[in-house]
Number of protein chains: 2
Amino acid sequence: MGDTERIVQQMSEKGLRITDQRRTLVKLFADASGYLLPKDVYDHMQRTYPGLSFDTVYRNLRVLLDLGIIEQIVFEEGVKFKLHCDESHHHHHMICLHCEKTLPIRSCPMPEMDVPGGFQIVKHRFEVYGYCSDCRDAAEHAAAEENGRP
Amino acid sequence: MGDTERIVQQMSEKGLRITDQRRTLVKLFADASGYLLPKDVYDHMQRTYPGLSFDTVYRNLRVLLDLGIIEQIVFEEGVKFKLHCDESHHHHHMICLHCEKTLPIRSCPMPEMDVPGGFQIVKHRFEVYGYCSDCRDAAEHAAAEENGRP
DNA sequence: ATGATTGCAAATCTTTTGCAGGCCA
DNA sequence: TGGCCTGCAAAAGATTTGCAATCAT
């Protein structure tokens with residue numbers, strides 16, 4: 001069974017109605033490799049459902065969020081969503097600045113950190129940004145073109 | 001010369017007019033130990049300038065931001081501002097969840113990190129959240145009271 | 001005197017909410 | 001059928017902008 005159907009079933013068991021729209025939304029996240037803005041979600045969904053309204057997108061994002069199916073992170077560009085990570089292994093992410101694909105980083109810096117004394121640690125945030133191997137070449141070509149080399 | 005006057009002079013040299021309001025705003029950041037929301041700034045300033053309008057706060061925050069006097073970070077609760085850090089030493093922060101005071105962490109985890117191959121690193125974000133020594137006791141007392149012990 | 005700064009009002013943008021009709025189970 | 005979902009409209013919160021009056025230099 002694919003990720004989409006598994007999640008849809010999980011939603012059904014919680015008593016939620018499975019509409020075509022919700023199925024498409026789940027599939028969008030199941031297939032996406034990176035973070036999505038509400039606007040990204042709306043734009044994608046709107047192709048299939050021309051009458052779609054923005055508030056329904058927000059409402060369904062909240063539903064998926066409350067069920068723990070997706071997670072929310074605040075970036076400079078705004079709030080973004082992605083499929084919830086498997087939490088069985090604590091990990092962090094590399095995030096591609098071009099395609100927003102994320103790659104896990106298995107090691108966590110916290111154990112090695114020398115934090116100021118007397119501070120009671122509750123949580124931490126660690127993210128690395130850059131260009132993934134797929135996008136690095138594209139970025140270099142773009143930069144070269146800006147400098148006049150076609 | 002205090003931080004406030006030094007910054008004000010720096011603004012004056014850029015051709016900016018020094019109003020009482022701007023001087024107070026600079027002093028607010030020079031004295032603050034943590035991050036401030038635009039609303040925090042407004043509330044503080046509004047005590048001294050009852051006629052203050054929100055747009056002026058935003059405008060002056062942007063002025064200070066463009067001059068590099070303050071810096072902006074996006075948190076869950078929204079965009080916050082603080083006096084710009086001395087960048088001569090790359091460092092990260094511990095941020096108190098109660099009073100929002102920040103303490104520097106001198107060591108940076110990046111050199112030790114084993115990042116997925118082929119990724120071209122551009123920047124990273126690392127923050128540790130918890131309770132500072134001043135607030136830890138207060139937090140414990142509050143938790144104890146919630147459990148019925150006055 | 002001149003131009004930057006401010007307050008006011010209104011416009012944007014993002015996100016949320018009330019309501020009535022439509023659809024899933 | 002019953003109640004959840006949806007679209008519409010409007011509200012709410014955050015931030016920006018145009019304009020005329022005011023203030024720093």
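Cβ atoms here come from the backbone N, Cα and C positions, even for glycine.
Nobody curates TrEMBL annotations by hand; they come from automatic prediction.
In the structure as shown, the Cβ atom of B:His124 (Fe cation binding site) sits within 10 Å of 20 other Cβ atoms. As annotated by TrEMBL, Fe cation binding site applies to B:His90, B:His124.
A helical conformation is recorded for B:Cys135 (Zn(2+) binding site) in the three-state DSSP classification. Counting only residues at least six positions away in the same chain, the Cβ atoms of B:Cys96, B:Leu97, B:His98, B:Cys99 sit under 8 Å from the Cβ of B:Cys135 (Zn(2+) binding site). Annotation source TrEMBL lists Zn(2+) binding site at B:Cys96, B:Cys99, B:Cys132, B:Cys135.
If you measure from the Cα atom of B:His124 (Fe cation binding site) to that of B:Cys132 (Zn(2+) binding site), you get 24 Å.
For the pair B:His90 (Fe cation binding site) and B:Cys132 (Zn(2+) binding site), the C-alpha distance works out to 22 angstrom. DSSP gives B:Cys99 (Zn(2+) binding site) a coil state; it is part of no helix or strand. Close to B:Cys132 (Zn(2+) binding site) in the fold, though at least 6 residues off in sequence, lie B:Met94, B:Cys96, B:His98, B:Cys99, B:Lys101, B:Leu103, each with a CB less than 8 Å from its CB. Its Cβ taken as reference, B:Cys99 (Zn(2+) binding site) is surrounded by 14 other Cβ atoms within 10 Å in the chains shown. In sequence order, the binding-site residues near chain A (CB to CB under 8 A) are B:His124, out of B:His90, B:Cys99, B:His124, B:Cys135.
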